[in-house]
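Working notes, beginning with the structure itself.
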Amino acid sequence: MNWMMAWPRKEFSWQNPVVFIINLLICFLDSKLLEALVENRKRSVAYVGAFLLKDDPETDPSIVSGSDSAKSINDLKGKDLFKRLHEVGTLAQITSIQGDQVVLVGHRRLRITEMVDEDPLTVKVDHLKEKPYNKDDDVIKATSFEVIATLRDILKTNSLWKDHVQTYTQHIGDFNYPRLADFGAAISGANKLLCQQVLEELDVYERLKLTLELVKKEMEISKIQESIAKAIEEKISGDQRRYLLNEQLKAIKKELGLETDDKSALTAKFRERLEPKNKQCPPHVLQVIEEELNKLQLLEASSSEFNVTRNYLDWLTALPWGNYSDENFDIQHAQKILDEDHYGLSDVKERILEFIAVGKLRGTSQGKIICLSGPPGVGKTSVGHSMARALNRRFYRFSVGGLADVAEIKGHRRTYVGAMPGKMVQCLKNVGTANPLVLIDEIDKLGKGHAGDPASALLELLDPEQNANFLDHFLDVPIDLSKVLFVCTANVVEMIPNPLLDRMEVIALAGYITDEKMHIARDYLEKTTREACGIKSEQVEVTDAALLALIENYCREAGVRNLQKQIEKIYRKIALQLVRQGVTNEQSLKVSLQQGAKQLREKSTEEPTQIADDGPGGKKLEDGNSHERATTTTLTESEQAIEVSLHEQPNGTATEESEATSHEHLVEQLEADKVQPTLLSSNGIATTDQPVDSKVNIKTSDVKDVKVDNVIEKVIVDVSNLADFVGKPVFHAERIYDQTPVGVVMGLAWTAMGGSTLYVETALVEQGEGKGALLLTGQLGDVMKESAQIAHIVARAILLQKEPDNPFFADSKLHLHVPAGATPKDGPSAGCTMITSMLSLAMKKHVKKELAMTGEVTLTGRILPIGGVKEKILAARRSEVKTIIFPSANRRDFDELAANVKEGLEVHFVDDYNQIFELAFGSNSKPQI
């Protein structure tokens, strides 16, 4: 028994037991152990015992351990380390030490007997020898030959262990079976526990068997590895071969002139695209394109500049340089299209026809900038599309509502990543012509942010003097937009910047009156909605009274957008009602037919059984069974006919025509298949000799009398049932008083949604000498508050003139209120209404019944013009106002209105408030028109 230093195999460079003959390079991590090895080698003690470390019993050896577990292994010392060592190890010779790398060669097996020292771990060992064996044993020879054969096969596919094989052949002098087993286990790469079993096995035959199992597994692994490597190699070599062949093919084709490279192909494509436009394309654009094409030839296809240049050329050559669509200058054609698409809007249509007429006389048309202003839903956007149809121009629309980036108008610089041209360049590329109609929607809602002011960018675009040379940042070449017809839309013109508004021709689209909405609903909205819902005109009827109630109580707006929504809502409910009614009729028909068949069956079973005489003997034979068979057969056929008639309808839907046909078919079937009793003749053959008028005949009138209402009733929408389709009325009458009380006067206001009426109410708060004051409520704006102060002063002057002895204003604290307190109000046009309200309270007189007024007043009592005449007249008509007072300066606006708008109104035009006083409080005032 000898003692020696025990080296636990816990290093990371090698995890299997040290085997014999093979030189093994080990990297030691334990510095103390490494110092001890160096010291022993200096003293010519160049041997150590290598023992494999057991797995931690608390861990799964099949799971790969991380750094934490490795750290815990290195922390093992002394007895803890000794307990974790396998008893059988290897006597290893130290052949060289370089730094922390030690080369070992295994020699013989060792078994630990006891521990001598803890640091470094020193143990007593016994040298183990193999059990005696017969070298000439055929089983051992055969097993060893199989191991050698398997090793040769492994070495053919895996060259990793060729050096070890050479070392093995150099050191082995004769045929050594134990060494063969150890060598095979060493190069197998098997699990460390299996290799430890080989190390601990002293029986040579058993050791060879264990080694054979290990090398067989290694052989299978080598085959799998070889197949994987071969597949990957084939794939890589195939791709590489294909790439090389393609490159050679390109070179050959290029040499023969059969194919050009990518740059030449791109250049040819751009030149081909530009060829039809050479004559129309401006010279400066052609020069830029030529320079960029030459630049493209000098750039590498992989460079970023190449892609930028290619994208730039793509846009330059795709634009419609000099390509104009043929315009239609036919006035009648344009009038027809405009009338088809829109009802009313005579001023807009007149302006379009004027534009066409000028173009016809000149032979060419010029680009214009038209701004359509009006409330939502009056048809501003759709008018632009109709204009394009009438002029035979391509149509393009883009919205600038909320737009806050100038680059959306003028494009980005080409140096930016993902740069794109502006909207106008994109428009020209999409439409393919240089004279489209461009609709710029919501121009009054332009934004403004850190990226610039889009309104300022639009100045160049919409200026007729500048847009002939519009410069986009991306293209960086002038573009002629002088032939483009620009149509802008806005709800509030005042929100458009003045420099931009100055370049536009504004056409106001006022709200529709009730008559116009009726025509639009009948001729456009109702027809379109009915077709969209799949309803026929004969299936539904919406009365004029219902439409009128819908307009006045649900859609009190300037436009017709909400009216369209309500009509769609009505027709959707009608569609549901028609479908439900159709399903109910189908079910009723089925039940009725089944009842008819049931009655037929009951009557046939109640008839007496027929008996016939059989031969001269007068023997009577009961033929009940025969009769039952015949009756059952006939009834079954009839029932089948009923079932067929019930299930022949496609998709389970019963139509009027098919239901009527099925019912008639059933009646005919029952007529033809009248159930007759069956008699047995003398030869036993069943006959039907019963007379036709026998009691057993079933009358089909019983089935005919079954009434089935298989016709879907027409749906009629009237005022009485309108609420069932659209719910309760949304709006109520704006008119609160039939006769306004003292201190209350009706005024007229303009809003973005159209016109509306409002009441100005004045009440006495406190009265006493010297307490004259004015309190204002109703969420009034600054302008309206100033107007109220002016009205207070003018009213005092008028009262002093009319009733000198009345000290009302000097001694009264007044409260002036404008109802609908949640709605902000502003503007000067209620000045005359406020004066009238105060004077009515001061004189305790009612104003004229069904009177409304509007007009700005000055401190001297002069009446100044106001805006929104049509909208205010529409509001007055809704409130059933008969008499309206306007400033004289608005007479021209009133005269331009259509006759149906002015019909039934008594309108007075005034210059001074004294005239209003006579109209409001006097009698027998005649209209001043």
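If you go along the chain as it appears here, the first residue is 1 and each next one adds 1.
Here the Cβ of each residue, glycine as well, is placed from N, Cα and C on the backbone.
Features of the protein shown, as given by TrEMBL:
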{"type": "ACT_SITE", "residues": "SER829", "note": "active site"}
{"type": "ACT_SITE", "residues": "LYS872", "note": "active site"}
{"type": "BINDING", "residues": "GLY374, PRO375, PRO376, GLY377, VAL378, GLY379, LYS380, THR381", "note": "ATP binding site"}
{"type": "COILED", "residues": "205-234", "note": "coiled coil"}
{"type": "COMPBIAS", "residues": "616-630", "note": "compositional bias 'Basic and acidic residues'"}
{"type": "DOMAIN", "residues": "4-219", "note": "domain 'Lon N-terminal'"}
{"type": "DOMAIN", "residues": "739-923", "note": "domain 'Lon proteolytic'"}
{"type": "REGION", "residues": "598-639", "note": "region 'Disordered'"}
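Projection of TrEMBL feature records onto the structure.
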residue	record	DSSP class
GLY374	ATP binding site	coil
GLY379	ATP binding site	coil
SER829	active site	coil
LYS872	active site	helix
Residues that sit under 8 angstroms from THR381 (ATP binding site) by C-beta distance, when 6+ apart in the chain: ARG397, LEU439, ASP441, THR489
Least surrounded among the binding-site residues, given as GLY374, GLY377, GLY379, when other CB atoms within 10 Å are counted: GLY377
Candidate with sparsest Cβ neighbourhood (10 Å radius) among PRO375, PRO376, the listed binding-site residues: PRO376
SER829 (active site) and GLY377 (ATP binding site), distance between Cα atoms, whole Å: 26
8 Å Cβ shell about GLY374, PRO375, PRO376, GLY377, VAL378, GLY379, LYS380, THR381 centroid, ATP site members excluded: LEU372, THR489, ASN491, LEU509, ALA558, GLY559, ARG561
Segment confidence, the domain 'Lon N-terminal' (4-219), expressed as mean pLDDT: 73
Chain-internal residues near LYS872 (active site), provided their CB is under 8 angstroms and they sit 6+ positions away: LEU748, ALA749, TRP750, GLY755, THR854, ILE866, ILE884
Around the Cβ of LYS380 (ATP binding site), the count of other Cβ atoms that are within 10 Å: 26
Residue pair GLY379 (ATP binding site), SER829 (active site) - Cα distance, angstrom, rounded: 28
Residue pair PRO376 (ATP binding site), SER829 (active site) - Cα distance, angstrom, rounded: 23
Euclidean distance between Cα atoms of GLY374 (ATP binding site) and SER829 (active site), Å: 20
Around the Cβ of VAL378 (ATP binding site), the count of other Cβ atoms that are within 10 Å: 28
